[in-house]
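Heads up: the structure comes next, in structure tokens.
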């Protein structure tokens, strides 16, 4: 029972009232008080307190709720042997207090990162899971044995788009995923083959322990906050049985970088990096009493690629790190290599004692993240794999794969070329290691997604020459590898004769290759049939045995010694998709079994046993990989990820997280709605305040204002009057005479002060943009137009109509734009001054209509932007018998601006041009 694991606290509320002071809390003191008041384990107490940001009252409340949880909510196996019947197993209050430092979440960004993941959905459940995992990892028989677990994200496709996006932002390192995908390092396999699942990087705490955090997340779904993996890493490097062998492998890989006197110092520094001690140390009493101010999150030393290799030995499973090869600056230029990417195998542990499913990590911006897949409704539709090659089908680096041996003399044997040659791993040897430690598979790439270079060629053309050259290169590579691996024995004439006989026999059997290849490719089979030679025989052996085990090749029985291998391989291979191998079913000899003799495949290989060192699986992988390097990219060489094994608390953690995420998502949506409503209310209030404001004065009375140039593009909208002539000078003079009788006092003052042309507008007319103002065709009895200041900002200085900005004027378009029936109304003279109410009606007759920029609204009384607004209207005198001065279109043809009487009804620019033209004309007279 959970209630038996968690004793009943005595006077919890009293303790909270006495001890809770958020300004002077010391975390060690709070932890001690919590343990003293509840009797809980320090690990559980610490998780509860950290989950509530060291709020003692809230942590005690969570503890009380946890006690009331029914046993059915937790697996029964965890409570075995933990009840009050065995008091000797109950932890003491001082147990596990010797931690490096207590973590606090003062930093808001760090707190968000630490509190948003699955591992913080329920601190109590995660603490129980951590304790269970720690008990499994401390098994007496295998002190470093780790159970095979692989974490998977829940299926998010069942949720709405908004909630799914919220969870992805909450759990996934978006920056890492985008960077690695754009670099072509991550999820390129799901692009070329839809049957492969995408891998997503989980958000990981960046405190220097991100490598172990990422490994813990990839297996169990929570961070390594108890430093279980970190301490195991340090212990293995310091006192582990594999210490010397690991050191030799590390030194061999670093041989070209260090000098002899630097080795011990480098190894000591490397050992210190793995320590579980943080960079910053604090006393247990929190310093001088100000625990909150003097304490901070511990930051650990960043780990290197060798620590990944040691971690593979601790977990006893391969580790694949997906990373870019070069570190780039902000401009994308590469300036430093990134050595982390590649494959790390537990080479110092026999393959039969290792887990074959690799742990996959991502590395970007000096930070590790766990790469996990997502559950699917139909698990058979997509498979979780990790390619062992890059997108160019080149094998990933195999780190620390060479051990020179105990008898290697550093500084002496380094110059022995013969001994160095024995230690160089060929591609064949690397593939053999991968087949030994992992479940490898070849995934067929659909023809429609293959790269152009990898498209199958026509089997009827002369493409056989290319295939023959490929076969020759494979034969030469095989010969070189065999001669290198068997350099002590050499290759005598008898072996060469056997090789020749084998090639002749392979040619006679080439007719059946296309039928026996299955998923390999019919096109490639036809090429092999033409003149493949050695490669056809290499593939023939494996596929023939697989088909015979499935009952598809009964007429080609093999030797008796291969029957066991045939039955095993036949049950594994699928003819339609891929061919995979398992380490538990290997015919490949492990590194520890090579000295005992040849493998079953070598013994049953007939005349090829001595000439070929590795199994048929390795031969097939080598041939396909070589073909991929030559352009025949039809398969992806990948390792299978086993996702069926999960720890007992996986479902509870996922359930708690989804519930918490739904609550946070609902709160976020509600906050957004409130913010939107507040913004809308503020906008409405601002609009109302703008409408109530007094009209703006566009200019100071008596001072001319320079005309404004439109901010829009330099496109001119004009009215070309081809059929009807523009108003002549006589009409202009009549209009000026009429305008003089209806001018307001303010207008007269302006005219008196502006005796000359209005300065200010210097750009030429074609580079300007404006709005067409057209006078009404007749007198209308309507109310005075609102002031300019009361209009919307978008209508105050209207833009040019977008639909006409890119096309020239035509009479048909002009007819649709104008509000008058004839062009003569544009030149209609204004009648004389009208007394009293007649003046008001006359002013209303000449109100202008404005076309705004795309709004389609006609604004009465809105004057042209380049012209001065009537003083009477700006002063609010509308309707009081004071009509403003009348403006007319510029007399110059094709000019869309307006002029005043003092400028002879030219616009200011045209008026200056007209004056200049007149001066030039007078100067040209004899």
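FYI, residue positions are counted from 1 along the chain as it appears here.
Glycine too: its Cβ is placed from the backbone N, Cα and C atoms.
Looking at the stretches 25-49, 50-74, 75-99, the one that Swiss-Prot records under the feature region 'Disordered' is 75-99.
As stated in Swiss-Prot, the feature motif 'Nuclear localization signal' covers range 494-509 out of the listed 446-461, 462-477, 494-509, 526-541. Just so you know, the Cβ of residue 210 (active site, nucleophile) picks up 24 other Cβ atoms within 10 Å once every protein chain is counted. Secondary structure of the compositional bias 'Low complexity' (677-691), assigned with DSSP and counted as helix (H, G, I), strand (E, B) and coil, comes to 15 helix, 0 strand, 0 coil.
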